[in-house]
């Protein structure tokens, strides 16, 4: 345990690896489960006598709920911590799938599988990503890469398992068994031990209270300074009441992130990227069947993709953690998105099965690279402290394009009767997103370096006698714009300072 004096920092190992294992399981289920369910669709469709598009909405609703419930998940994590949220999520997943086994209409399936299980998966996904940031700093890209590898491993396992369950127990029996399997998320959640629980004595509570008081004072000062002119106290009192509600929301979801340059660049690039991210996976097997390849070989393409993806994620994590790539990880992320797009643009050239196998290998590599760095790059931009809110805001924005991506691809296939336009659309969108992120991150790095230079010049200049307000202003600026990697260190120093002052 950490000494009682300093607030516990990221241990970068130890129990952290057990947490990574827990995150591996819950992230794996959250990503792979909606894709693995497709095996049962044909039978359910015949059973209820519905069209293919009606049944496809089950997966779409599930994915959209998993992403759209991001902010709710973030708020709950900020309020209760990662462990209870994941355990509750696992319970919801189990309940959703077990109740789905007794459904008598497609609408009930939408509710049980789409909304209840989807919401349970949302409560699994985010806390798992967030807690890794609390346990790791130096080795965080590796930890993120390993945890994200849960998705392809689960996809490889779930696809044959679902087929086996279906052959032996039918879709209702399979849903019951899958509900029981999803309860393993509760076990994964139980591994998420809150950091520093052992040292959370009365003393740390006092420190926390002191911190909160100091924070309030600073934000108050900042608010007063940022207001165009000093508002007389009477009007201020009236405004306080109105502010209460907004402040409560802001306490759990930090909307000031929309003023953060790096966060906005990431958000725009990602929303654009997701228009072309999932569609090629959804349509890969149907495309193979369309050009006359048998069903098992077509399904094998997805296995190839998942196996390459499995190796690519941890490897990307290790590369991203190297001293050459880590400081410029945003460029590496931009490159992997553009690389992804290039694969899709070249896919229509692949004639025959061998061509598609080559495409699957490259696609698996590119897909794994993007997934491994998806959250790492966001954490690198906003820092671990604001990451919880950032994930919530990003996922709700992505939810729309995730829901729209595959249907747009499907419409293109229906319109032209050919799959190549769908691949070209996805490729073009992703190359565009990668290029946008590359250019804007170059600009962001330049601006950050410039601001750092200005700040150093101010500090070194002995003539500039700074007023107290200026110092405070700078302090605010530093906390929002410093390299996020320094944030935990800064928090530690502040903790020590307050400890010395006897807060």
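Cβ atoms here come from the backbone N, Cα and C positions, even for glycine.
When the ranges 142-161, 202-221 are checked against TrEMBL, the one recorded as transmembrane segment is 142-161. Model confidence over the domain 'Major facilitator superfamily (MFS) profile' (16-445) is summarised by a mean pLDDT of 78. Cβ atoms under 8 Å from those of the transmembrane segment (263-284) belong to residues 35, 63, 257, 301-302, 305, 334, 337, 340-341, 344, 347, 356, 360, 363, 367, 370, 374, 377-378, 381-382, 390, 393-394, 397-398, 400-402, 404-406, 408-410, 413, 419, 422-423, 425-430, 432-434, 436-437, 440-441, 444 of the same chain, restricted to positions at least 6 beyond its ends. Counting Cβ pairs under 8 Å that are 6 or more residues apart, the transmembrane segment (88-121) and the transmembrane segment (421-443) reach fewer than 3 and are not in contact.
Here the transmembrane segment (55-76) lies next to the transmembrane segment (15-34) in space: the count of CB pairs under 8 Å, restricted to residues six or more apart, reaches at least 3. Contacts between the transmembrane segment (357-375) and the transmembrane segment (173-192): absent, as fewer than 3 C-beta pairs lie under 8 angstroms at sequence separation of six or more. Most Cβ pairs within less than 8 Å of the transmembrane segment (173-192), among stretches 15-34, 142-161, 296-312, 421-443, belong to 15-34.
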